[in-house]
Amino acid sequence: MTSRRWFHPNITGVEAENLLLTRGVDGSFLARPSKSNPGDFTLSVRRNGAVTHIKIQNTGDYYDLYGGEKFATLAELVQYYMEHHGQLKEKNGDVIELKYPLNCADPTSERWFHGHLSGKEAEKLLTEKGKHGSFLVRESQSHPGDFVLSVRTGDDKGESNDSKSKVTHVMIRCQELKYDVGGGERFDSLTDLVEHYKKNPMVETLGTVLQLKQPLNTTRINAAEIESRVRELSKLAETTDKVKQGFWEEFETLQQQECKLLYSRKEGQRQENKNKNRYKNILPFDHTRVVLHDGDPNEPVSDYINANIIMPEFETKCNNSKPKKSYIATQGCLQNTVNDFWRMVFQENSRVIVMTTKEVERGKSKCVKYWPDECALKEYGVMRVRNVRESAAHDYTLRELKLSKVGQGNTERTVWQYHFRTWPDHGVPSDPGGVLDFLEEVHHKQESIVDAGPVVVHCSAGIGRTGTFIVIDILIDIIREKGVDCDIDVPKTIQMVRSQRSGMVQTEAQYRFIYMAVQHYIETLQRRIEEEQKSKRKGHEYTNIKYSLVDQTSGDQSPLPPCTPTPPCAEMREDSARVYENVGLMQQQRSFR
């Protein structure tokens with residue numbers, strides 16, 4: 001399980017019912033502290049339009065439902081009953097299903113809050129990426145509803161690589177909507193608490209000073225709260241000497257990871273293949289390149305095209321199965337690579353092509369025309385393409401093409417080319433709505449074709465706009481699959497696609513645009529959820545909402561996804577033997593410098 005924000009630490013039973021009935025669907029659930037038995041918990045589940053409350057006992061040794069299976073943590077109990085449908089029943093035998101976790105909002109939008117992170121994971125992060133004084137805040141796994149401040153400490157010199165460096169964990173209690181570290185002053189928010197101890201460091205009884213010098217920021221966010229993260233990333237630097245801030249800081253950190261992705265590109269560097277590359281240094285990784293199998297066996301370089309397979313990893317990790325959708329990221333065709341392009345499309349059984357560039361921009365060729373005129377037929381080497389029809393939407397042109405091998409015209413395949421025409425020559429679109437509507441149409445088409453191969457995406461170099469479109473589409477697919485309350489990680493997703501094709505997402509503007517597009521998608525989706533709830537209450541049929549104000553010429557919106565995630569993934573348990581060095585063992589040093 002990748003998140004435990006189904007736990008709501010500060011709500012009553014009435015508030016839980018209201019949340020589940022207004023934001024949830026049948027099968028939605030949450031956990032909360034028991035008001036009648038302090039220390040115990042309650043599982044609230046929506047079923048048949050009503051809410052059932054189930055008591056969870058915390059004996060101090062284990063968690064259970066007053067009988068039955070016993071668990072070390074609340075998270076393990078919830079995960080077990082999510083995975084084992086039919087195990088949770090009422091006295092009359094009716095099954096209670098836990099399908100969709102209804103997540104609680106993060107207690108803060110600060111980037112130092114890492115949410116569901118174990119102690120071991122925090123130590124690994126702080127050791128590998130932090131330095132003396134680096135800190136983060138996370139949810140407590142042993143005490144649901146509380147939090148933990150994890151700080152990297154070192155010797156007095158603050159040498160980050162010193163063998164004496166360690167990580168200290170301080171429990172943060174949350175009681176009656178106030179936060180404290182087991183004694184002393186209480187604070188209205190986690191942010192107030194952290195700011196206080198940044199100025200007034202805590203000191204262990206052994207003398208170690210817990211200096212909160214610099215936050216170790218997370219890039220993980222709850223998709224539903226992306227507006228708060230965008231607001232944080234958009235803040236100006238606090239001081240003029242602090243250049244790195246927000247989007248620029250995240251993107252620059254991502255750029256510094258490129259040295260970890262120096263995979264071989266020998267095939268693209270071969271002398272015989274150099275004229276097949278639009279840009280001499282933008283080459284495909286060997287381990288993910290598309291290998292053409294139908295070439296001349298006497299011509300070893302006939303298997304080469306500047307293209308890579310991109311496989312989203314979020315599904316394979318959770319489901320151990322082949323992803324529903326994959327991509328081919330490739331460059332814009334050259335005159336001498338058009339034949340190879342169509343060989344690739346045919347070989348991979350690709351049925352959808354996404355073109356994100358004009359043929360010529362600012363007087364420079366970006367992609368040669370690789371399709372025939374409307375109602376015309378043209379042969380490209382061993383492949384034949386027939387342009388059946390073209391239709392123009394506001395931002396793109398849709399072409400219906402028939403592809404076959406020369407001499408095998410009776411085995412034509414339909415290939416749909418979506419040509420996005422309104423990406424500006426400089427920068428990125430001012431409104432992400434047009435891109436989202438475009439990707440929605442592409443998604444519907446791909447979904448409608450049985451056993452369709454990878455979606456082919458290209459611009460000119462096949463990395464900038466191509467990477468931006470693919471990353472946005474992957475993130476939206478995660479939200480479709482897991483719901484608006486799922487976790488997403490923009491830099492991690494970009495790093496994942498960059499491990500399969502070098503340089504995907506080229507500029508800070510493209511990086512920022514990804515955030516803006518996902519934010520726009522979430523806002524629109526939340527409006528649709530609200531409208532659906534209103535319509536259900538009124539008994540009216542639900543009306544779709546478009547991502548942009550421009551009327552589109554084809555396709556309805558996709559069915560509304562569940563509000564919350566379904567597939568549970570394995571989670572790391574907190575080490576029960578881990579000792580919290582809490583403020584009971586510390587004293588406050590107010591004037592430390």
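Just so it is clear, glycine is given a Cβ too, placed from its N, Cα and C backbone atoms.
What you see is a predicted model, and the numbers here were worked out from it, not measured in a lab.
For the substrate site that Swiss-Prot gives as Asp425, Cys459, Ser460, Ala461, Gly462, Ile463, Gly464, Arg465, the extra residue drawn from Gln506, Gln519, Gln526 is Gln506. According to Swiss-Prot, the listed position annotated as phosphotyrosine out of Tyr62, Tyr179, Tyr418 is Tyr62. A separation of roughly 12 Å, to the nearest angstrom, links the Cα atoms of Gln506 (substrate binding site) and Cys459 (active site, phosphocysteine intermediate). Cβ neighbour counts within 10 Å, taken over all protein chains shown, single out Cys459 as the most crowded of the recorded positions Asp425, Cys459, Ser460, Gly464. According to DSSP, the secondary structure content of the domain 'SH2 1' (6-102) in residues is 21 helix, 32 strand, 44 coil. Using Cα positions, the member of the recorded positions Asp425, Cys459, Ser460, Gly462, Gly464 nearest to Tyr66 (phosphotyrosine) is identified as Gly464. Spanning the listed substrate site, residues Asp425, Cys459, Ser460, Ala461, Gly462, Ile463, Gly464, Arg465, Gln506 have a farthest Cα to Cα distance of 15 Å.
The local packing around Tyr66 (phosphotyrosine), expressed as other Cβ atoms within 10 Å of its Cβ over all shown chains, amounts to 9. A count of other CB atoms within 10 A of each Cβ picks out Gly462 as the most crowded of the recorded positions Tyr62, Gly462, Gln506. The two recorded residues Gly462 (substrate binding site) and Tyr62 (phosphotyrosine) have their Cα atoms spaced 54 Å from each other.
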